[in-house]
Structures are given as structure tokens and as C-alpha cells.
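See structure below.
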Amino acid sequence: QQIQFADDMQEFTKFPTKTGRRSLSRSISQSSTDSYSSAASYTDSSDDEVSPREKQQTNSKGSSNFCVKNIKQAEFGRREIEIAEQDMSALISLRKRAQGEKPLAGAKIVGCTHITAQTAVLIETLCALGAQCRWSACNIYSTQNEVAAALAEAGVAVFAWKGESEDDFWWCIDRCVNVDGWQANMILDDGGDLTHWVYKKYPSVFKKIRGIVEESVTGVHRLYQLSKAGKLCVPAMNVNDSVTKQKFDNLYCCRESILDGLKRTTDVMFGGKQVVVCGYGEVGKGCCAALKALGAIVYVTEIDPICALQACMDGFRVVKLSEVIRQVDVVITCTGNKNVVTREHLDRMKNSCIVCNMGHSNTEIDVVSAQCQPL
């Protein structure tokens, strides 16, 4: 009997090509772990014509147990990873100290995270400590193709490329899980989609799973749904609520990545702009601090009374989204929830309002309605 998540599968949508008088001028999905160099998104134009799934690629060792955009980008990706290693001294120290002991020998880890230079350092550390890893991307937009190529060249079974379709996304996850002669005994997830896929398609796999590690609030919510229904049959670790994740990644990394994402996609000045940030958790706090420092007028929406009081004490006006939606220039969602910005909100926005999401996927904003029916 297959066990179903109470939550829906993650949906991906393309942005509308036909727009009315009101339109979303930009729409981005930005993660705190995204990292791009000036050449990170480079691809040969001929590569774009053929899906990676249709290519026959092998690394220098003759292995084809991977699917990436272009294995020839591996050398550049290796340089990206080496640069990231310089700022990740804890993992490198752990690798040097325990590499000879192989404490993870016997671990078969299937992972689904952002694939960037930073996560590549984590993946290669797991491998160096004795684990066997198979990896896919948790976000169709954030993969650094050259980093994925470098991992494939190093022998990691990685299935990911930037700009995957929804079908590609689930195909890549399936290639990591459904393998002859290899069965995972650990899951490292970001967003819950990998866990969802295993429950839906291969529930018998959980007989050998020793535990799940989940690093995003979206995935944690889905695990709590399973636990509440009595269907969480293996131990699960909530990494999102760890002190280092909450106080460093969620706060400080998002404080920088929100500005990087907005500047790259909009190229507008934020001094004097009216911005509403939905959610004042650690991610929301980082976003508000960054935008306030640029001179933006920042409003906050928050349902938790303690977080709302914190926003007030930090100098932000706490409002309902419906109260300011007509006047703001930028809307940012940081809740990890669904349907925060609805079609009704989109219809009431001013022309050229910028809408973006700092959460795991695009479910916080009702982009489906914008695609089906022009604003």
C-alpha cells in the first residue's frame, strides 16, 4: 500500500508569456544557498537544443552514471568548488581528520538539495568519509551546471541541470532512487520532494532507511504531517531548526542573497521603495534588515504574535497584506507556507510591482493563475 503525503507535490510553472495591463515585471525564486559566478550560467548554445536526458556522456574514467548539462564544464566547476572550500573550513577539517577512518562506510545516501559549489563541498565530504551518494536538485533553477559536471567527473552519480522541466525534475529524483543493485539507507532532503517520491513510488525502500535529514521549513512541515498521521516510519532530523541553520544560514545568508537576487533580476534602486515582507522568521529578519539598510520603506506581515512584536520592536510597521498591496513596489514571501500571495493580491497590485519568493518553491505565490489568466 502506498503512503501519500497530505501535501501536494511541488508544482513548477513557467512565467506567463501573455500579460495584461498589470503584470509581474519579474519573478524569482531565490534560495539562501544559491551561488553564481559571472560564468556560472554559461552554456554553449548548441547544448540548449538537446535535453541532457538524450545525450550520451561519459567522464574521464568512462562512467556514464550521471546526467548533467555538459560534462566538458567540469574543469571550471572544479575551480568553483575549490574557491568554496576556502570558506568552508569546518567541513575541510572534518574531511582531513576522519578521512582515513571512513566513519560513513556502508552509508548509501540519496540526496536532493540545491547543487552549488557549496553543496558540492558537502557531497564530496560525505564521499570522502566513506559514503556512497546519488544526488539530484531540489530546485529546477538553482543548479550550477559546471559544478554538477565537476561532481560527475569526480564519480558522483548526479542527475541535475539548470532549467529542468517538471518531468525532468521527477525523472532525476527517480534515477537516484530506482537503481538496480543499489538501495539507499539514508535520505538527505531539502523541501521534502525526495521523501515524497520514495513514499509514493517505492515505499518498500523505507524498510532499509535508517533516517531522514530535512533542511528546509517546507520539508519539515511535510514531515510533521506524516508524523501527525502516524505514517512517519523512520527517524527524521529537523536540521532547519538547528541553531546554526536558523541563526546563520537563514538570517545572515538570506540577508545577502535577497539583495543579490533582486539586483541581478531587476537592476533597480531600492532607496525609497515600499516593500512588504511576508513572514518575520529568521529569513524574514534577514531580508528586512538588508532592505532597510538600502533605504527601503519596509512593512511586515506576520501571524505569529511574538515574531510580529519583534518586527515592531525592530522598527517595522506590522500590517495585513491587503492593507498595503495597492501601494507597495516589492512583495517578498518568506513563510515556507502555501498561497500567501493569492490571485486577488496579484490583481490589486500596482503596475510593475516586483514579486519574489525566498522560500523553497513557488507555491507561496499563486503564479499558476497568472499563467492561466493574464493579470
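The backbone N, Cα and C atoms fix where each Cβ goes, glycine too.
The record from TrEMBL ties Thr116, Asp190, Lys245, Asp249 to substrate, and of the options Glu85, Glu146, Glu164, Glu215 it ties Glu215 to that site too. Sequence-ordered, the extra residues of this chain that approach the NAD(+) site, with Cβ no more than 8 Å from the Cβ center of Gly281, Glu282, Val283, Gly284, Lys285, Gly286, Glu302, are Asn250, Leu251, Cys254, Val277, Gly279, Tyr280, Cys287, Cys288, Cys307, Cys334. For the binding-site residues Thr116, Asp190, Glu215, Asp249, a Cα to Cα distance of within 10 angstroms from Glu282 (NAD(+) binding site) holds for Asp249. Of all the binding-site residues listed here (Gly281, Gly284, Gly286), the one with the fewest other CB atoms within 10 A of its own CB is Gly281.
The Cβ neighbour count for Val283 (NAD(+) binding site), using a 10 Å radius and every protein chain shown, is 28.
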